[in-house]
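Below you'll find the structure, written out as structure tokens, and then a few comments.
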Amino acid sequence: MAKKFEIVSQYEPAGDQPVAITQLVEGLEDGEAFQTLLGVTGSGKTFTMANVIAKVQRPTIILAHNKTLAAQLYGEMKSFFPHNAVEYFVSYYDYYQPEAYVPASDTYIAKDSSVNEQIEQLRLSATKALMERKDVVLIATVSAIYGLGDPDQYLKMILQLRLGDTISQRDILQQLTTMQYTRNDVELWRGCFRVRGDVIDVFPAEAEEYAVRIELFDDEVDSLAWFDPLTGEVLTRPTRITVYPKSHYVTPKERVLQTIEQVKVELVSRLEELRSLNKLVEAQRLEERTRLDIEMMSELGYCSGIENYSRYLSGRASGEPPPTLLDYLPKNALMFIDESHVTIPQIGGMYKGDRSRKENLVTFGFRLPSAMDNRPMRFDEFEKIMPQTIFVSATPGKYEAEHESKIVEQVVRPTGLLDPVLEVRPALTQVDDLLGEIRLRVEKEERVLVTTLTKRMAENLTEYLEEHNVRVRYLHSDIDTVERIEIIRDLRLGEFDVLVGINLLREGLDIPEVSLVAILDADKEGFLRSDRSLIQTIGRAARNVAGKAILYADKITKSMQKAIDETERRRAKQIQHNTEQGITPQKLNKKITDILEDSPYAPKPGASAAKLKAAEADGEYSPQEMQRMTPAQLASEIKRMEKQMYQAAKDLDFELAAKLRDDLKRLKSSMVGVGDLR
């Protein structure tokens, strides 16, 4: 019997949430293709989404525009649905340099990348959940529109065994090898298998803490078990098991052989074309590179850059969209697009950037024309397969306005907090005036966010404030995601009082201690001072009872007026609701550790208190130390500790092994958001 979504929370919907939930559910039941949840900052949009999911009982995908927000959503949804499958699907690259050619300098750049094994495991776990369960909430980034293995081919590669099945050990081992599992009779790692007599142990690629044991008697499956690979303890003895491939990109051998023949035909045609244009260097280059790929595929079943032949491997015609994560979704799936005013343009922009790079590779003989079909989805292709969709944003964009059937407002916060008080002050004296406002906030132990137009202005302002003994930090684009989280955490802890930034102080920044947002040069029309940008930035002060936003400007622009009018409209509605209900705005008491704990690797609900205590009391690294480590240091330390853990298990020191496992979980939590933000 399929599990149902069961929401777990100490809170009941409040403020505008009950009405918003009812209206959204009614819209879904009426078959509305698109709806918009216009939810202000701090109104509990994630809680509303969770309640809608629980009401409609449908598998759901939530798209976010970067890994940091995806990790926050994952943490929140995991706490709301501890008994259901909450999964995480983002780019698994810590570092990614795509293949490229620069004609101006005749420079070829080979593809270079570093894969995060923990995130790869979570991606495999996500697709497995979609295939096996209906109670799935999947948090994903724009990585969802990039090519993934064809779901039909992927399903064909699955190994399914039942008690009493007749199958030889040789056939099982051959199938595991075809699924890209590696034999390792010494140590059982994720994605490996070992053989001991008639017993085959497999550590599934998507699993985190369990492995499969297959015992044969002659050519019959005599026993099946799930066991702990660390301790060897048998957890359950099912009557059947399913082992999924190690990669989404595994392909049956027949399909690879078919691909080789198709590549040969295209190569002959393309070489004739290049030679007819007298492009002899390009023709020679293409022939050498492609013949090498063909030889590798013939011998090994794959080659470096095999994704460039994905059109043939997936059996698509020229120009057809690639198979993506969205092809794995059930037909009755529901989609939320979080911060849709940012996420939708991001989805639309991926195809164009990828195409311009590929055109150079094809034109200059580095790739066959079919490589153009190894690409992210175009936006029109994405639209065609979108399930019923709810856009979620405080400032919906043009696309949402054109496609929504109805707007559901969530303006009143459950806490009774109001949108900040707005003031417009002259830009001529903005720096000195700001300094005075900062001093007032520092006396009250409150924090300040300041947003400028350019990097140089931000640097100069930071220097000026430092000279006047203000504890200030500067947040800029060169700072990676983990360090950014650390800076925000230090701001909340009071390590410094003022944070200066450019375009980084908008969506998803949750700092209840901030009582003042200052927007310098607010009257300079443009992307950073559009009405949506202004509303989002003003919203950063909406989580504080004394929230205030100051716009420094010499004139009021159309964008400013729109932002002021919308903020005042929302504030009036909030005041009216509080007066009618007798509500006094409540200060938010969000734990400072929350921003670091909201991670796909946090200890699972229900983990024993003893294990958690061991991790907290005896962990080798404090949270601060972990956050200061570079991605390379983290990866190295994780590998070292994994070796220690398995060695401890070998030595039968299970207490030490369990402690190391818990310490590893804490270290892995620091890996979220590192690197590529797809």
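For all residues, glycine too, the Cβ spot is worked out from N, Cα and C.
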Of 223-256, 291-324, 597-630, which range does Swiss-Prot call region 'Disordered'?
597-630
Looking at 68-91, 92-115, 500-523, which one is motif 'Beta-hairpin' according to Swiss-Prot?
92-115
A 10 Å Cβ contact count, applied to the binding-site residues Thr41, Ser43, Thr46: which residue has the minimum?
Thr46
Gly39 (ATP binding site): secondary structure state under DSSP, collapsed to three categories:
strand
Where does Gly44 (ATP binding site) sit in the DSSP three-state scheme?
coil
Calculate the per-residue pLDDT averaged over the domain 'UVR' (635-670) and state the result as an integer.
76
Taking the centre of the Cβ atoms of Gly39, Val40, Thr41, Gly42, Ser43, Gly44, Lys45, Thr46 as the ATP site, the remaining residues of that chain with Cβ inside 8 Å are Thr48, Ala394, Gln410, Arg413
If you count other CB atoms within 10 A of each CB, which of Val40, Gly42 wins among these binding-site residues?
Val40
